[in-house]
Amino acid sequence: MDSGQPWFPKIHTKEVRRRLSSLNIATPSSSPCNMNWQSLEPKHIINDNVYGTVKVPRPIDKLIDTVEFQRLRHLKQTGLVYLVYPNCEHSRFVHSLGTFSLAYALVDKLRHSQPSLNITESDLICTSVAALLHDVGHGPFSHLFDGEFAKRNGSRFKHEDMSILIIKKIMNKPEIKSEFACILGETDEEYAKSVTLITELISGKPFDFQDMDGFKDLPADVREETVKNEWAIIGCGPEKSFLFDVVSNSYNGHDVDKMDYLLRDSKASGVGITFSESTLERLFNHVRVVIDPNSGLKRIAYSIKCIGDLKAIGDSRQELHSKVYQHKAVRFMETLMVDALINAGDFLKYKGSNGELYSLKNVTEDVDAFLKTTDYVEQEILNSQITDPKMIEAQTALLKIQRREIGCKLGYFEMNPENATQLKGNCNNQTGAAEVVKKVGQKMKEILEQMDDTEEMDGKLKDIQFTVMHSVLGRGLDDKTHPIERQIFYDGKPSEHEGKQVVGFYPSEDYVINNCPRMATKWEIFVMGDRSLRKEPLLADRVKRALQLAGESEKFLTPRKRSPQDSPDEVSSSCSTAKRRLEFGSS
């Protein structure tokens, strides 16, 4: 390896590659501040279509060569999206490699630019391992398995919980432990603490106490004492709190996991977003650790000049959810796939650690059994010789997907979650949106029956089969909070603060009012019908009209009254800022 070559992931465009060389991230083995470090020179160099190459040092390569990690090759990153966007066939394997490369580069940059942080070799490796293994707990078809399938199966399974179990299994293998012990801890106690930190970097939420009522109003000394008392992380102390902003940032969502999948999924689907490779490069050029003005903890911050670049992360997430992840055809095919998995779930068996067989429905009860499941479950169902009616029904559902016998979108409307006030507290989550779908579907049936009688349609409208569905399009946090509101910034350039302890700040209220929507989440309610309705435009139009009337009747959708010459887009655009200012002023 050329010792003069910087060790960091290179973005695949030539211009950005050239500019990235200015980051001055030195090769780990040549760092003057860590002369006693074990050499972490790349063991493998893997081609990557987003970053050009991903360089994997020893002993990280040993984790990649485990059966648990290799399983990710057989899990598509975006589930069934490839059925609409054919190039989205990339796997959790490549996403995990990309997330690792960003995490390593970010922590290594902070280590060189801010030696006072005392980032150790163990800190770097723990963060890198957490990034590499953060998705090993995903089931078949990724989020479909721990989403709608788990819900209909009556399970509370979350892939993060399974990831923790699998990580512990991997890291405690004798051959893995012997490779990592010299870095993570020679004694069993030290090693176990490091493994705990790895899992906490994925699932830990060390900053939740900041949301306690009145926390920000406490005197500084009381807040400092509260932080010490509320720090619930076992793997490290509050002095390394900034590490929890890297892989899985539960506070604002601006982490390398999201950065990688936004770039990778956008590139694969061909759907453009505002977050780009040059945005990533700019952020890495302006990152540093500062003091959180609210908690006094050390947090990752960016120059205030990058506020638009950070805002693009949440906005791009919503864009991809709208156009890619929750595409209407994808959502309909997901319903068919879940039908198939539920019906075939009792017949598909996987051997667990004790030799016992677990069905697909309870496979999450045993780690070894779970690790035998992949996206290949679809072929297991299609190739099954079982003649039980449920298995035949499952095969029929999958054949509908293959033959493209799926519904077509007849109409939709967007709604503000706040309009679902009558749902008694369920309006700000998936449950609330599902309740809206239920109410709208019932109302549509009534309206279509009335239309059928009024227009003398001879029962055609009454007999129409349709499905009302929903999409929750968020920016990564709750319905009202834009992630940028919870991001810490600093003034100037990183070089201006070398050797100094900087107190950061949050975006001003004026910026939030003028640049962020009042609601960070929107719901899309849409109706899918048989494709034959495309040949019956009159019937399709009536279904679309019924959806609109049902939304207005249930007060989920506000009826619009305007003169013919009014442009609804212009009216909405001109009034939105003033309306938001009034609402903030009255609060």
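A Cβ is built for glycine as well, from the same backbone N, Cα and C atoms used for every other residue.
When Swiss-Prot records H95, H134, D135 as binding Zn(2+), the matching candidate from D245, D255, D257 it lists for that site is D257. Each residue in R92, S96, T99, A131, D260, Y261 lies on the same chain as H95, H134, D135, D257 and has a C-beta within 8 Å of the C-beta centroid of that Zn(2+) site, without being one of the site residues.
Look at D257 (Zn(2+) binding site): DSSP puts it in a helix. For the recorded site, D135 (Zn(2+) binding site), the DSSP three-state label reads coil. Counted within 10 Å of its Cβ, the other Cβ atoms near H134 (Zn(2+) binding site) come to 30, all protein chains included. Around D135 (Zn(2+) binding site), taking its Cβ as the centre, 23 other Cβ atoms fall within 10 Å, counting all chains.
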